[in-house]
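J.: Before we start, here is the structure in question, set down as structure tokens.
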């Protein structure tokens, strides 16, 4: 029996050789592999396959998956493939071919009476996003992030305090305890970073033992060589990550001074281009070091005609500057440079910048990490053409490079890749389903720990789920004890050994960060390029390995106004 590709795609989704456009970008992906057995596909519905004695077996709950996502197109750093995905006990149990093993061949995911089904036909499945630059200014950020497809938030803060408005620090054991207790209320994986600015180890050690999964050095607290050295020494001892916002004003040294203070030790450099803060004008040099794990924040993603003007106003507010003070204005203007922002676009495309995050409410938008990433990818595709590794007529390699920037690479950087960050067997089932036309803009379904935590949903009083008004709403995994069972709170090993979860009465599942101190940039997937960066101190022009990096700002972006008319 034969079926046309068009009819097959309509029924079961695209298969090997088919191409799919991502939203309204010019990025096309091509299916590399299909795990199905043609003619044995499983699909739920009236008159369909997943029925008793057909695609559904008689096996007990222990032998079948709890949830099956059928015929989904997976986009992850490791591939672009079509598969059934089985979830069990909150984790990804299998990727492959689902069905009834009693009557169907090559089944590695058994369906039974205890199996729920999510139809993935014609849908794209990705890992939940990981945002590693969160200012916890207001709790409403968390729902905003979740509805955008982010399922893990890492950063610091205590609410709308002046310190938190500027820095991602949950300062001290008392504040750490309050924030860990607050994290129980949310269907979101959360980890908090303490304040790393101290020249003696004891004030930092007590924060790690209180639950901090990392330490944040910020110039507003004084990112001096002494505090950098001390902070990295504590991190090495306790296996937690260090993130840094370096010294924009070059008060305690220049970029070479800071890089020297690292002493080859692993560090995550926030907004490494510099508009978000850091040695002016050449902090961007840091992305060429093997021990530096560089990220961007999303307001500079991608470079557009509005980027410069927007940043000046944002900076004055976020860093408590006064526009009537000439020195404050000069400080702001020194950070915002067309030349380095343009270079940042290209360095992302080359894989020299490895991660993208938000800088939530502190010069960044918490709900736009995913969108800004794909807008950058599309801009670079249009301006620079296919990457080496892309196939004929597809952008598969570029897509893998960019999705890694907000999934697996932040997970590796912060020691949580054993739990989250990819669509792989054994990982926590934090998954996002997208309609291709809305990919990267508006997800359809967000799963946390194998349960549906958020979704597009129509009128609750309607006779079917789809009537307007359709908007994002929290689902059952966002409520009661379900959120405790399906979301993670990350803490340090030292805090676990100190009994912090029991002392604070934490209800969410606890996971420990590990392997933070031996990560090198070469470990960051598809984003491990180590260029020799030069910045002209007069013109701010950037060269990588002797090649000038410049691109024009975009006048129009995809994934923008046409998606947000309602």
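The backbone N, Cα and C atoms fix where each Cβ goes, glycine too.
Sharing the record's features from Swiss-Prot:
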BINDING   133, 135, 216, 359  Ni(2+) 1 binding site
BINDING   216, 245, 271  Ni(2+) 2 binding site
DOMAIN    128-566  domain 'Urease'
MOD_RES   216  N6-carboxylysine
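On this model, are these features tucked inside or out on the surface, and what's nearby?
T.: Around residue 216 (Ni(2+) 1 binding site), taking its Cβ as the centre, 30 other Cβ atoms fall within 10 Å, counting all chains. In the three-state DSSP scheme, residue 216 (Ni(2+) 1 binding site) is classed as strand.
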J.: Quick check: in three-state DSSP terms, what is residue 271 (Ni(2+) 2 binding site)?
T.: coil
J.: Rounded to a whole angstrom, what is the C-alpha distance between residue 359 (Ni(2+) 1 binding site) and residue 271 (Ni(2+) 2 binding site)?
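T.: Here the two Cα atoms lie 9 Å apart.
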J.: What other residues of this chain sit with their CB within 8 A of the center of the CB atoms of 216, 245, 271, the recorded Ni(2+) 2 site?
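T.: Output for this site, in sequence order: 133, 167, 168, 217, 218, 243, 244, 246, 269, 270, 276, 277, 278.
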J.: Sorted by position, what residues of the same chain at least six away from residue 245 (Ni(2+) 2 binding site) have a C-beta under 8 A from it?
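T.: The list for residue 245 (Ni(2+) 2 binding site) reads 167, 216, 217, 218, 219, 220, 223, 270, 271, 276, 277, 278, given in order along the sequence.
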J.: Counting Cβ neighbours within 10 Å across all chains shown, tell me which of the binding-site residues 133, 135, 271 comes out on top.
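T.: Highest number of other Cβ atoms within 10 Å: 133.
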